[in-house]
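Chemist: Before anything else, here's the structure in question.
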Amino acid sequence: MELHLLLLLAAAHLLAFAGASAIEVDNATTTYIVFMDPARMPAAHASPAGWHAAHLQSLSIDPDRHLLYSYSAAAHGFAAALLPHHLPLLRGSPGVLQVVPDEVFHLHTTRTPEFLGLLSPAYQPAIHGFEAATHDVVIGVLDTGVWPESPSFADGDLPPPPARWKGVCEAGVDFPPSVCGRKLVGARSFSRGLRAANGGGGARAGVGRRGFVSARDRDGHGTHTATTAAGAVVANASLLGYATGTARGMAPGARVAAYKVCWPEGCLGSDILAGIDAAVADGVGVLSLSLGGGSAPYFRDTVAVGAFGAAAAGVFVACSAGNSGPSGATVANSAPWVATVGAGTLDRDFPAYVTLPTGARLAGVSLYAGPSPAPRPAMLPLVYGGGGDNASKLCLSGTLDPAAVRGKIVLCDRGVNARVEKGAVVKAAGGAGMVLANTAASGEELVADSHLLPAVAVGKLAGDKIREYASRRAGGGGGRPMAMLSFGGTVLGVRPSPVVAAFSSRGPNTVVPEILKPDMIGPGVNILAGWSGVAGPTGLVKDGRRTHFNIISGTSMSCPHISGVAALLKAAHPEWSPAAIKSALMTTAYTVDNTNSSLRDAAGGLLATPFTFGAGHVDPQKALSPGLLYDISTKDYVSFLCSLNYTTPHIQVITKMSNITCPRKFRPGDLNYPSFSVVFKKKPKHVMRFRREVTNVGLAMSVYNVKVSSPASVSVKVTPAKLVFNKVGQKQRYYVTFASTVDASNAKPDFGWISWMSSQHVVQSPVAYTWKI
């Protein structure tokens, strides 16, 4: 192993990065993140960590007892477990910008390289041209840790890590530094915030019965996301025979560094910020965070603050949009310096069927790989509400009557508890099989699971037919209800695909409506990737099955797809900023499925909109050569923050800058973003004008003409209508005037597009229109 295996070099370094320590905190304390003004640091202190400790000491707050982390790379400040009387001391202290409570964040829980075109003959020459450059890109994954023995972390013929890499492989429980290598080049864990929230109690307290106090992944989620982004090529990969083929990450030549910030109890903001801070200092080029919390102003959003520092350091940051769809205004991680990723389906499916005595054969999905519910295909009794109440229809724990369900197929409504938990409840009650039926909340979206017993998931339409049949027969209408389950393996070429997942969180952006979110979608339904060696495919404690790979769904899965593709773009175009990479991904995204129809929404089967898919579904091949880029500088982001009427200290918290100068005229919509979100005011005939600047990264002497698609409720004028670029790198500005033609009280959200078209490229930006009532 030629990894730079530093153990911890100094006390300040240990304070900033270590995941396990002997810090003791009082049960009466609450963890806070304290942001500091770096300009106030006295020259006498050699490091921010030393200043932070001394600052606490000056307020009679013992840093040895209360200080948890010191941040300096992605943010300036520290996390501390504080008593109530400490708060006014800190808030009134010079140099302190903001004191905020720690927050709990949550996780947003094979064929994809081919589906994305990464294996197409046309794309292969382009990849080989910069394959060696991907070896210099390290993707940092903040998640539940890593299972280093996964075949997806095999070193293969990778060269040693880049010389600039400063990461370490921390020793911990069941995690010797020797498990890292040339593929997995770093692993750290962060749990001080969690331990403090749980009452402290020493180095091993507070991480729960199922948590390794090390970077080792007991959950599987972190290994899955890391291998999705950059897993090595593994032949004959499958989940219990499903999705058999060659597994590979989006950027199989890139390196992986794991930062374990999530534990069975959740992910604490102080631990996440410590992970981001360490990753930036280590030298990652891409950060992938498949987690999120609620909506809050960016200066109170730990992920947004840390991501800003990372982006300012040249690190591309991708975050999951959340799994709170199909409800609107649910998107998480909405800061404009973050790539916010929603989820779509693949063209691969795992069909299964429910056959009724009426002759109806209703299609669903399943990843069940065990014996059939009967020795040979046969009808079994079907029961719905096997406990006599509505709770039993949901198959909640303890609601099924064994006498009513034993030996039968149980129909369960989707919702409230986890899908795989419903199967476990049915099995524990003696059921022979399960039909998991969607309700209106999930519509026709089908998510396959590797249940502990024979089970088929069906959409709402099929579910309603089965519910009606079971209820009618149980009520005496033609004998007792019966059903038969059968399983169809793996099917490719499913049409239509992609479809926006019903669970994928949607806009509009509630923090800043003038920024359209999500930014894009990627594959996030039924994704095969690496898995933990101590977790079954369902993740349930009672699941004793073990597999190298698992198939799961969520925006947690779509996020690392974008992280991996961003690593490819960073290798191909090392001069591009994180904003430029995101621009390339967005303006080349597609909005039609494999039937050449507009993308649809799984929630209701209707046409999807930019509130669900952003700019569209990522297209890595086109993103390599986008033609034009919308770039954004740190100064631009500062102007954007000023336009939100944030106070100077709030802007300093996010930017780490001591001197903030705000422009006199700048609106949130003036940010040079690759999409538009136009929010008209209540007054009639409201007109808004925005400016954009594009940079030519295509050919010299390129000419682009604008094409506008707009609804009847808005008139749009772009000036100039033609852009001429004499050389590569040249910048050109254009202006867009949007005029509302309807009364705000009668208007509903609507959408359009602004596209710049040349003989080589189409540079497309979605436009969302909303009206304040």
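Yeah, the Cβs are placed from backbone N, Cα and C, and that goes for glycine too.
Grabbed the feature section from TrEMBL, which reads as follows:
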ACT_SITE  ASP143  active site, charge relay system
ACT_SITE  HIS221  active site, charge relay system
ACT_SITE  SER556  active site, charge relay system
DOMAIN    31-108  domain 'Inhibitor I9'
DOMAIN    135-600  domain 'Peptidase S8/S53'
DOMAIN    380-466  domain 'PA'
DOMAIN    670-768  domain 'Subtilisin-like protease fibronectin type-III'
SIGNAL    1-22  signal peptide
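Each of these features: where is it, how hidden is it, and who are its neighbours?
Modeler: All protein chains considered, the CB of ASP143 (active site, charge relay system) has 29 other CB atoms within 10 Å.
Here HIS221 (active site, charge relay system) comes close to LEU107, THR109, ASP143, THR144, CYS262, SER290, ILE552, SER556: these same-chain residues lie at least six apart in sequence, with C-beta atoms under 8 angstroms from its C-beta.
The Cβ neighbour count for SER556 (active site, charge relay system), using a 10 Å radius over every protein chain in view, is 29.
Across the range of the domain 'Inhibitor I9' (31-108), the DSSP-based residue counts are 24 helix, 27 strand, 27 coil.
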Chemist: Taking only the residues in the domain 'PA' (380-466), give me the average pLDDT of this model.
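Modeler: 93, rounded to a whole number.
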